[in-house]
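The compositional bias 'Gly residues' feature in Swiss-Prot is assigned to 1-13. According to Swiss-Prot, the feature region 'Disordered' maps to 1-91. What Swiss-Prot records for ARG23 is omega-N-methylarginine. Annotation source Swiss-Prot lists phosphoserine at SER25. The compositional bias 'Low complexity' annotation in Swiss-Prot covers 56-88. Look at Swiss-Prot and you will find GLY97, ALA98, PRO99, GLY100, VAL101, GLY102, LYS103, SER104, ASN201, LYS202, SER203, ASP204 tagged as GTP binding site. Among the features that Swiss-Prot reports, region 'Calmodulin-binding' is placed at 276-295.
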Amino acid sequence: MTLNGGSGAGGSRSAGRERDRRRGSTPWGPAPPLHRRSMPVDERDLQAALTPGSLAATAAGTRTQGQRLDWPEGSSDSLSSGDSGSEDGVYKVHAAGAPGVGKSALARIFGGVEDGPEAEAAGHTYDRSITVDGEEASLMVYDIWEQDGGCWLPGHCMAMGDAYVIVYSITDKGSFEKASELRVQLRARRQTDVPIILVGNKSDLVRSREVSVDEGRACAEVFDCKFIETSAALHHNVQALFEGVVRQIRLRRDSKEDNARRQAGTRRRESLGKKAKLFLGRIVARNSRKMAFLAKSKSCHDLSVL
Ligand SMILES: Nc1nc2c(ncn2[C@@H]2O[C@H](COP(=O)(O)OP(=O)(O)OP(=O)(O)O)[C@@H](O)[C@H]2O)c(=O)[nH]1
């Protein structure tokens, strides 16, 4: 996030920033008039905000305020009364990446916060309810990744996310390499199958491109995550990114439920002969491994499939 030496959490956070490390940036115009959904946080606020109760309360507050939160253009998103699928009702999404790649810009677009002085005061956490594929989801996007590659609360950042958006700038090879590092660190910390989306931002800066689309896609395939290129400046693919995040979380949730159902079914079939059971199990496992491999190797750019 572009943070001037302001007050509060934002001010202290920005104190050690090395602004000249930012690359390929051009000023961009104000965001379309959206409802603002952000809040300033400091470390204590964040600790409190991370408790399941307060997250649920935030989500509930979002709904009771009854505001409609629209994407910029041509969106089918709307506020509805349904529940989102995460345990506490809010999907927690972390934006990570090297300095100056556009994490804050993307988060602010999601939160509907306009660029400029208002954004400086807005804080680093953005919540919003969106409807994806006819089902409402509440998202809390955390833009709290520090420039030294850590986070205000590293344990929390790595442990509490329902999804991670690892951003690099297509104009900065170093940020691309950093993204791979982060991906490795994240997988080392998170044993669970948490969705990670690799985001090549600043796709509008075509002349300064240092990372090709193919390199981005290949990296996502190697690291087993999803891939999308965005331009926060042009608001290009930002909606697709956050809708994709929701779809990825849901797909994993659904696949866990399927597995649980399959296991329950297996227990019911215990009366079947042992040999037949083993035989069927092996065929199913072999097929699903094959299918998973094929799907993974072809679909890193498709955020609507696993
Ligand atoms: N041209 C262009 N500039 C962008 C884009 N996204 C962000 N920027 C600019 O890049 C600079 C850094 O953006 P930020 O959103 O502050 O980046 P960040 O990753 O949050 O940076 P830190 O908070 O320092 O980690 C700002 O000047 C933005 O206006 C983009 O898609 N295209």
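Glycine is no exception: its Cβ is also placed from the backbone N, Cα and C atoms.
Here the features listed in Swiss-Prot are painted onto the structure.
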residue : record           : CB count, 10 Å
GLY97   : GTP binding site : 25
PRO99   : GTP binding site : 21
VAL101  : GTP binding site : 33
LYS103  : GTP binding site : 27
ASN201  : GTP binding site : 31
SER203  : GTP binding site : 22
Open item on the list: If the GTP binders are GLY97, ALA98, PRO99, GLY100, VAL101, GLY102, LYS103, SER104, ASN201, LYS202, SER203, ASP204 per the record, what's the largest distance between their Cα atoms, in Å?
Closed with: 19
Open item on the list: Taking ligand 1 as the reference and 6 angstroms as the Cβ limit (strictly under), which binding-site residues among PRO99, VAL101, ASN201, SER203 are close?
Closed with: PRO99, VAL101, ASN201
Task: DSSP three-state assignment for ASN201 (GTP binding site) - done: strand
Open item on the list: If I take every residue in the region 'Calmodulin-binding' (276-295) and average their pLDDT values, what number comes out?
Closed with: 67
Task: Three-state secondary structure, which DSSP defines for PRO99 (GTP binding site) - done: coil
